[in-house]
Structures are given as C-alpha cells and as structure tokens.
Amino acid sequence: PPTALALLCGSAAALAVWRWLDERQIQQKMEEARRSRDEGVKKMEKAVQEFREQVSHVQSADILSLPLVELTRRLQEGSLCPETVLYTYIEKALEVTQQTNCLRHFIPECVEQLQEIRRRKEKGLLYGIPISIKDHIGHKGHLSTCGLVQFLNAPVQEDSVLVKVLKRQGAIPFALTNVPQSLFSYDCSNAIFGQTLNPLNHQKSPGGSSGGEGALIAGGGSILGIGSDIGGSIRLPSSFCGLCGLKPTSDRLSVWYTCLLKVDVGSCPLPVPCALGPMARDVDSLALCMKALLCEEMFRLDPTVPPIPFDEEAYLSSAPLRIGYYDTDGYFPLPPCMRRAVCETRDALRAAGHELVPFAPPRIHYVMTELFLKTFFADGGHAFLDLFTGNIVDPGLKPQMNCYKIPTLGKKLLALILKPLVSSLPLILRLKKLLWFSTCRSVSKMWKHQHQIMAYRTEFITTWRDLRLDVVLCPVLGPAFTTGYPGKLLTAISSTMLYNVLNFPAGVVPVSRVTEADEEELKLYQGYCDDPWDRTLKQAVTGAVGLPVAVQCVALPWQEELCLRFMKEVETLRREK
C-alpha cells in the first residue's frame, strides 16, 4: 500500500505538472500573437506619422465623410490620391481599434497593393478603396485564427478567391478584424485577442461573428468590409452597429480558401451553408461591392460560382413591390422597439405605393430545433467541443459549452424531470432546444435530415408564391446586447437563422433609434412565457436609448439585386422621414 500510494501521488503530481506546462505553452502562444498584433499597430502608427510629415494638408474629415460611391468617383477621376485615402483610413482605424479592440491585425502588404494598382492601365470598380476583411477570410501570409490557439502557427498560403477579386478590382485590403472564439457566437470575444466593444456604446457588444467588421465600419475606420454569415453573422453586427449588411445566397460569392470552421463543426454541414457578403454604411455601397465581385475574374477563379453578373436594371427598378411582412416569428419575441421598426417601415412602404401583405413563416420551432441545430450538432456537439482541446475557453462561450458537455443521457433525464414542471409549450420547446440536441447517428438519419430541410424550403417557397410576394419585410434581433449576454441567448437568433436554413438572400437596414418610450415599454416586456430566456433578453437590451434599430429585408434565392433594391427603398424612406 505505501508503494501504491507513492505511485499514485507521483502520477497525480506528474499529471498536474504536465497540465501546467501545457497551459503555459498555450499562454505563450497567445502572448506571442498579441505581441505580433501590437508590433503591427506600432508599424502602422509610424507609417501614418511618416506620411503626415510628407503630406500635411490632408482633409481627413472630408475624406472619411464621403460615401463609397462618391469616394470611388473621386479616386477614378484623380481628384483624390489612393495613398491619401489609404493612410487616412489607417489612421482612423488605429483610433477606432484603440477604443474598441476591433482589429486582429493590420495587413502591411497593403502598401504593395497600393503600388500595384498604380502600375495598372485599367482602374477597377473599387480602385483605391481601403477594405477590411474578417479574420477567417484568407489573406496570403496572415493567420485565419477563428479565435483558436491551434491556428496561431499556420499562415494562409494563398489569398482567398474573394480577396483576389477585390485586389483585381483595385481594392486595398488593409486590416483583418476580430471574431468570437470558434465563430459560433454573436458576441465578439476570444481568449487570444479579447473583447471587441460597440463603438456607439462601449457597454454593448458589436454583435458577431463579424463583430470586428461591425465595430470598425461603425466607428469610421473602414468604408467597406467583408463578413460571413451562417446564422446571422453579417446581419446581427449590422443591426447592433447601425450598418447595412447583405447575406447573399450561399454560392453567389466564392468561399474558396476561406476557413469554414463554422460550417465544419457539425457532421452534416451542407444543408446550411456559409455565405460571404459585404457590410457598409449605406445600401449603394453594398450594391457597388456586389457589382465589383460578380465579374469574370470571380467566375474564372471559382467555377462553382454561377456566372451571373450583377443585374443593374433590377437594382435600379422603381416598380411597386408586393411585400410580405411580419413583426414576430412566433418563436422568440423581440424587444418592442424592433417590432415598432417593422410596423413603421410597413406603413411608410404602403404610403409610398407598395402593396403590403401579412405573412407568417411556418413552423419556426421546428426549424430551430430540428433543422438548424441538427446541422451543427449532428454528433451531439462532440466535434464542436473537440475544437477547444488545448484552448482556454472564452468566458462568453462558457454557457454554451456547459450545455454541450452534458451527456446525452443527462439531457434526456433533465428534459423528463423538467417537462412536468412546465405548462407553457414555447418554454417546453426552448428547454428541448437547450437540453437535448437532436443527432444524426446513422447515414439514413443524416439523409432524412437533409430531406427535411429541402422539404421545408419547398413548403416556404410555396407559401411565398401562393401570396405572390416579391420580397418580405421582417424583424432582426436588436438593439445591441450588453457584452456577455449573447452567449446566454443562442435561442434568440431565430429571426436571422431562418434565412440561412432557407438559403435566401437577406439584408439589414437601420431605420430608427431606441427612444425613451421604447425603454419604458421594455419594462413591461414579458415575452411569451416571462421565463429565464425572456428575462435575460430584457436585461441584455436595457440601456440602449439612442442605439440603432433595424429591419430585415428578404428575397428569393439568387435575387440579391431585388433584395438590395428593396433595402434601398427602405433606406430612402428612412432618410425622408
């Protein structure tokens, strides 16, 4: 026994030392990544200072105030110099990231791209435009970290197709923006680079997972950014930060050489694909970006992208639209200000001569529980948990992680124990979603799951066509949550998630701001059940007076131009008001 006890104690001590060494190695990798980022910031500060010494008469405020279309025109005609515009935006980005921690790394090769576009005879549609890109969109020589330690030692070997096309069109990628750990969150925090803050209110989250993009653009440090969306990751930051953002049909833009970690975490990822799309301050900027990207170069580099050029005529059309609308999906009731935004926009559209038709999206509880989650957690969440092996879990993800770690048997037992105590059907369905992720434990179940998604898409499109709709107006989650709350309310993304499952193009447009009256009405908010989820949502959005309120605009697949045209109509009516 003494020998056995000594061996046991020795083994325990050895295990403790091994764990300590492993954690220390992780910490060293994280510190090195932060040090590299800080050195990059110092180099850019020095470069800006040197430029200012050479050119002292730059009207930075005037340049930063120009809309993208006007800035592009001045660069094309030569009244503005690309170098001046680039360093103006780098200087502003330095200021914004100091306040919000939105940048993951500057791209020093932007200076080489600046020289490259000057040598060309032809100027692309985005000639001289500084552009920011989300962390996981590949840029040669830089990391695509996804906020995870295991990706800190693997620089990307080749530009993603999207970056290649942007460069071909004369754009200058100059910054990579921060993301939440694993990307599967609509906050923006990871254990390596920290929490990104909303530039409009530093107590609030910028949204996610394209939250670094949202913060940088809303703060004025970028005029155009590229994000990704698989549950709302373009639209939620756009809503939280008061921007316009478009999630296209998934294959409309290339995702080649982009880290699709968010898609890869489940066992059957294909039914709900990832989409890359633009984020900017106005709808015309989104349209110009899509027009620039949908070119022969994109179709040549990625033959899986349908060769459909941008339809300018559809975007510029002024024909009256037949618009379906709803202010709640019947699953997760949004704060009063978000429903107000839909109703006010509906009335403005009707007054402008459009036809408005009530529309009810079918079976959202079924979509959330059986279709969306099963795509990503087909194996019960094991592949997702494996991503965090050798990682320090960010505090914002811990509520989700704790749920995923409950064994399947434990989830079933909890569901059985809690079900008799709950009389509300919505609450039962939410508990089921939280505690018991459906799984695809066989090939036949996986095929059945894919068939269910296709059947639902058919059902939805049939309902849409029976009503003869052109587009749909609906709510989006908002206003901006207090930091730390998104991880507690994964159930709240039903408003955006639906159109990922359907693979419809969907965009967000800010139309109003939170008022004192909205804040007072929020005090009476009880949701459907006045349950912990409803009360948590109430806490998350409290204190948002003055923050943006947005609506969501949706079209059928491959009709991005119609979706943008509808967004432009909403934006115009908002400005007139």
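Going from the start of the chain as shown, residues are counted 1 onward.
Cβ coordinates are placed from backbone N, Cα and C, and glycine is handled just like the others.
Positions annotated as active site, charge relay system by TrEMBL: Lys134 (among others). Counting every protein chain shown, 29 other Cβ atoms lie within 10 Å of the Cβ of Lys134 (active site, charge relay system).
Taken from TrEMBL, the feature active site, charge relay system covers Ser209 (among others). Here the Cβ of Ser209 (active site, charge relay system) has 35 other Cβ atoms within 10 Å, regardless of which shown protein chain they belong to.
Counting every protein chain shown, the Cβ of Ser233 (active site, acyl-ester intermediate) has 34 other Cβ atoms within 10 Å. Sequence annotations record features per position, and here TrEMBL assigns active site, acyl-ester intermediate to Ser233.
Taken from TrEMBL, the feature substrate binding site applies to Leu183, Ser209, Ile230, Gly231, Gly232, Ser233.
The coiled coil annotation in TrEMBL covers 30-61. Counting residues 6+ beyond its ends, the coiled coil (30-61) has Cβ neighbours under 8 Å at 83-84, 87-88, 90-92, 94, 97, 103-106, 108, 111, 143, 145, 149, 152, 191-193, 392 in the same chain.
Look at TrEMBL and you will find 85-564 tagged as domain 'Amidase'.
Annotation comment: TrEMBL describes 1-16 as signal peptide.
Looking at the coiled coil (30-61) alone, the prediction's average pLDDT is 95.
Cα spacing between Ser233 (active site, acyl-ester intermediate) and Leu183 (substrate binding site): 9 Å, rounded to the nearest whole number.
Cα to Cα, Gly232 (substrate binding site) and Ser209 (active site, charge relay system) are separated by 8 Å. A straight line from the CA of Ser209 (active site, charge relay system) to the CA of Ile230 (substrate binding site) spans 9 Å.
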